[in-house]
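Copied over from TrEMBL, here are the features:
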| type | residues | note |
| --- | --- | --- |
| SIGNAL | A:1-22 | signal peptide |
| DOMAIN | A:224-324 | domain 'Fibronectin type-III' |
| DOMAIN | A:423-517 | domain 'Fibronectin type-III' |
| DOMAIN | A:518-613 | domain 'Fibronectin type-III' |
| TRANSMEM | A:621-641 | transmembrane segment |
| REGION | A:661-681 | region 'Disordered' |
| REGION | A:722-757 | region 'Disordered' |
| COMPBIAS | A:732-745 | compositional bias 'Low complexity' |
| COMPBIAS | A:775-787 | compositional bias 'Polar residues' |
| REGION | A:775-810 | region 'Disordered' |
| COMPBIAS | A:800-810 | compositional bias 'Polar residues' |
Amino acid sequence: MLTLKTWIVQALFIFFTTESVGELLEPCGHIKPESPVVQLGSNFTAVCVLKEKCMDYFHVNANYIFWKTNHVTVPKEQYTIINRTASSVTFTDISLLNIQLTCNIRTFGQIDQNVYGIRIISGLPPEKPKNLSCIVNEGKKMMCQWDPGRETYLETNFTLKSEWATEKFADCKTKRDIPTSCTVDYSPVYFVNIEVWVEAENALGKVTSDHINFDPVDKVKPNPPHNLSVSNSEELSSILKLTWINSSIQSFIRLKYNIQYRTRDASIWSQIPPEDTASSRTSFTVQDLKPFTEYVFRIRCMKEDGKGFWSDWSEEASGITYEDRPSKAPSFWYKIEPSHTHGYRSVQLIWKTLPPFEANGKILDYEVTLIRWKSRLQNYTVNDTKWTVNLTNDRYIATLTARNLVGKSDAAVLTIPAYNFQATRPVTDLKAFPKDNMLWVEWTAPNESVNKYILEWCVLSDKSPCIPDWQQEDGTVHRTFLRGNLAESKCYLITVTPVYTDGPGSPESIKAYLKQAPPSKGPTVRTKKVGKNEAVLEWDQLPVDVQNGFIRNYTIFYRTIIGNETAVNVDSSHTEYTLSSLTSDTLYMVRMAAYTDEGGKDGPEFTFTTPKFAQGEIEAIVVPVCLAFLLTTLLGVLFCFNKRDLIKKHIWPNVPDPSKSHIAQWSPHTPPRHNFNSKDQIYSDGNFTDVSVVEIEAANDKKPFPEDLKSLDLFKKEKISTEGHSSGIGGSSCMSSSRPSISSSDENESAQNTSGTVQYSTVVHSGYRHQVPSVQVFSRSESTQPLLDSEERPEDLQLVDNTDSSAGNLPRQQYFKQNCSQRETSPDISHFERSKQVSSVNEEDFVRLKQQISDISQSCGSGQMKMFQEISVADAFGLHTEGQVERFETVGTEAAVDEGMSKSYLPQTVRRGGYMPQ
Amino acid sequence: MLACLCAVLWHLPAVPALNRTGDPGPGPSIQKTYDLTRYLEHQLRSLAGTYLNYLGPPFNEPDFNPPRLGAETLPRATVNLDVWRGLNDKLRLTQNYEAYSHLLCYLRGLDRQAATAELRRSLAHFCTSLQGLLGSIAGVMAALGYPLPQPLPGTEPTRAPGPAHSDFLQKMDDFWLLKELQTWLWRSAKDFNRLKKKTQPPPAAVTLHLEAHGF
């Protein structure tokens, strides 16, 4: 803010000042020197002189002057007041290249005013140019160049000056962008010495280089020879003749040359000895070249005395030397193929095309001769490099020559041994190793002299068959490399066969890699067996196609989910490994890496879990446990068996056999028989299910006749057969409890005698043996009433008396007879039998039956036949159970009991309260 | 102007020798002068071809061989063989020097007439070279200790075009100038070869090739 104010004040002041002075921008003083150029590091003094007018106006003098460089005030110590109007400032050791220096005054004690400003340029004087040299390109003007020396930071002009003793030539001024060279304006005059030098000049000085004096012809760079051509000679296949045209400079100076050549496919040039080409010429014959080979030539020239510069190389020219006869016999080998013809072999003779440096021309064809043992020679001409022929099993000698335009090669001789020839004498110590990106094979020669060696090799692969390539080596060679297109990471099977005069020796083979690589795939590991603390891992050998090298070893990595990985190295010959010290019941992850010399590759991860128990551990626990259980059970059973009576007593209490009961003996009356009318009333209220009464009428009579006994037996049998089906509406328990007393009454007499303690029911038997009870009633203890009723029904007894002719049919007869007032006395056994077959009836059927019965009883006498039919229909409808029949009979019994209820109350009480031993 | 220039050339011998490369005797200078004559001969061959084409027929015809008419002031290079053999080194060098001085003056006259820039450039370069030859001869003379010939006042070669000179005659003069130049260069080559043999007792392998090609 303050600065701004100052500036405004200053501006206004200047405005008023200039107006008052009447001249626009007339400075208040000036600085001397006006535009100085100062050498870096030197001292500099500037003086500011104020004008009188200004001094008066502003009331200032030289004391008020202060200096600024690049807007920074210079310390007062550097000022010197020269007089009233002039003040100087001195700078020592100037280091800035460009300084803005201003002279200012402070007016009225506070207002700074700029009086004058200059710009100080600093730099360095030029250095003496060095290494001045000139070149004259033939047909062009002379160009000179030099080393300008250090940077001056100032505009520096370089001038190339040249003169003869008698004449000065025009100066050559450099262009600003290339201050280190200059091309003169005139064509140089050869053979007249010229003096040349360079002047460098800037604001701080001028300096001249050393003068050089030379003949321009000694600085000439000729144009290269042109129209270079190459021609061969039919007489000599080892020479080529070059011809060319020299540049025009050759008409007044002598030249020397460099001639270089190379074969077409080579990259390095060979040079003809310079002394052979040290004089002016226009042709040259190059010797010692290879036949039938294309050579490329180039040539350059310079002044013969070596002064000046070599010309550029000429354009290249090429030529082919003439053909020569093949210098070497082709590599020659054979394969025997199985032949179908007996006594003959199919032999394929194979040979290699000669390389160009041995073919020495274009091979036209091959000549094969075959000599059978002690036979005459056969000649064949073949164009291919293989030839198949059927030979006998004899020994043959084959020769091969290659032919070109000029002549034939030496003959390659091969002995094809007889069919039964046994090859021996192999090479020893066969080795194969890669070196310098080639696969070398080395072996120790057999003791015998070897004509040549045949090396065969092929890629071992599971995917493709072994297609061998081959090469031939001289008999003196015992180390060579495979001259084929070999691939890296492939397994090569190399076979070396020595060839003797009498035939081939036995071959030796070795595997090798040109360059190994890590396997493409890792081995897949799996478990063969997993134990509680160990696991047997197994894996397959990697296929040769993915090995990419010799598998040197495997590493097995295994870990648990949380644990660290453990690595185990395994020799490459193994395919199985046992991991031990594993934790039981743990998930393990295992993977495997195969390593060649160049690195390894992991296979897929395999996971397995160790079992909680070792094999047989479970069996070891389970079997004893089972045995123990069995033993215990057996002991238990034995114990039970021993103590069976005791147990039986506890589990199955002795139920008295009702049939052996003697109650009936002392019972005063036989129980009364049925009363249907009363019975209807009883059952109509539906309480039938509450009471079930089974009446077993073994014998109603007091005097058991033999017939009665029979019928009783019969009845017993019927009872037994029906007991199994008894179910009943509320009566089942009674029936079941009564059953053993029926079935086992004979054998269980004593038991029945001892176990008379049945609290829940009252058992009423009709009698035992000859003690015939009048009536047998089972009744639950809760409901005693019916029992009492039935026991005191006298009508039933009477009725029994009346109808005792057939004990078995008695109830039915009673039933009908009672209802129908004995109007018809048909025993109706069929009905009875049918009733026996009735086994079950549902409630509705039964209710319906009851109604029918009541109907019958109401219309007694009229619907008797009808009744029969209806019953049989009811049977047909499903009155199947005997129990129902029994109930049906019971209905009658109950009805009878109702009527005679009060008559036999006392005996009932006696029976109920005690047990009568029999 | 031309006279002035020629006068300067005439006084040229007053200056020290051109070749200031130490003082290994006159041998190298003589050799260099000889080479220079060969170089000039090479230059003249292309220059004369161009210039005669510029003059047009019949001057550019190969078998054009007119009698020497006019051009009397041109120094003659042809001389009787016995006379030439009888010349001493000093006289031989002096004659060369005087001849080239005159020829150079006439040549500069050609320069003025030349129409095309290319021709002018060739002429200028040839003149510079010829001037170098003069300096070279002066250097040899100085090395051998012979004084340079003093130019005689009034005998300065002039080439003032007179009314008598028709255009054809003018072209004839130019033709003869070039022809005389070539003859002088041949003669100089012989002179300096002879001088070289004298100063370098074993003549080494230097051979003289005098190519007597016509235009």
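Placed from the backbone N, Cα and C atoms, the Cβ positions cover glycine too.
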- Message: For the domain 'Fibronectin type-III' (A:423-517), how many residues does DSSP put in helix, in strand and in coil?
- Response: 0 helix, 51 strand, 44 coil
- Note on the structure: Same-chain residues at least 6 beyond the ends of the transmembrane segment (A:621-641) with CB under 8 Å of its CB atoms are 647
- Per-region confidence, the domain 'Fibronectin type-III' (A:423-517) (mean pLDDT, whole number): 89
- Query: Residue counts in helix (H, G, I), strand (E, B) and coil for the domain 'Fibronectin type-III' (A:518-613), per DSSP?
  - Reply: 4 helix, 47 strand, 45 coil
- Could you give me the DSSP helix, strand and coil counts for the domain 'Fibronectin type-III' (A:224-324)? 8 helix, 42 strand, 51 coil
